[in-house]
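Asks: Here it is, the structure, as structure tokens.
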Amino acid sequence: MSVVDSHKLREQLSLYFIMGTANCRKSPEETLKAAIKGGATMFQFREKGPSALHGQALLELAKSLQCLCRAEGVPFIINDDIELAIQLDADGVHIGQEDEPAASIRQRLGSGKIIGVSAHNLAEVQQAISDGADYLGIGPVYPTPSKDDARAVQGTRLITEIREKGIDIPLVGIGGITAANTAPVIAAGADGISVISAIAGAADATAAAREFVQAIERAHIRP
Ligand SMILES: Nc1nc(C(F)(F)F)ncc1COP(=O)(O)OP(=O)(O)O
Ligand SMILES: [Mg+2]
């Protein structure tokens, strides 16, 4: 069972920045600092791809990014790597359908950590909820440049379906989201949006994050 405060988590999910070394135009540390300065409210370290860091280099970078998050009170989430999350006492993990089931991760992490689960259909949504997920990542909403093995693009259909069924779990949309296409994701019922390349690949990550914050605020005013 989780004791994570879901009201606070909804706010933290508002602008959920995700990145790894492969996504960054500048250094990961500079990029994260800039994103938080621009208003990123949660961070996921997602180290993927052929040039992904491993071992000591991965640990050192993760520690440095965790430090930046702690200094700003931004939750630090690790993608996939449960061992690393436990070693660093991260604030939580994000797992997909191909990763270790959320129920066993909950056993290992305990009730105070955030567990996010990717879901692509209602069956996966219900399973994640019964496994004790604290939030869901729903997508890909739009075509994404950040995930080679992404499932079929689904728009905001599943987000709408989840909310129409009265399922209230905190959730973010993910996949190809830009400031220009943010509004429909929020209007469909997402608590926030997850962004990788539109911030990590921007010449000015602070300005890019600020654009998202404005788009999210506008979307909440005019759903
Ligand atoms: N990393 C993610 N973060 C989110 C979040 F909700 F945080 F926005 N949603 C979905 C994913 C995708 O997770 P997964 O399906 O395991 O693929 P990968 O390990 O390649 O990221
Ligand atoms: Mg994964």
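Including glycine, each Cβ sits where the backbone N, Cα and C put it.
Please treat TrEMBL annotations as automatic predictions, because they have not gone through curation.
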Asks: Asn23, Asn79: which one does TrEMBL list with Gln44, Phe45, Arg46, Glu47, Lys48, Ser118, Lys147 for the 4-amino-2-methyl-5-(diphosphooxymethyl)pyrimidine site?
Replies: Asn79
Asks: Quick one: which of the binding-site residues (Glu47, Lys48, Asp99) have their CB closer than 6 Å to ligand 2?
Replies: Asp99
Asks: State, in Å as a whole number, the widest CA to CA span among the 4-amino-2-methyl-5-(diphosphooxymethyl)pyrimidine-binding residues Gln44, Phe45, Arg46, Glu47, Lys48, Asn79, Ser118, Lys147 given in the record.
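Replies: It comes out at 17 Å between the most distant Cα atoms.
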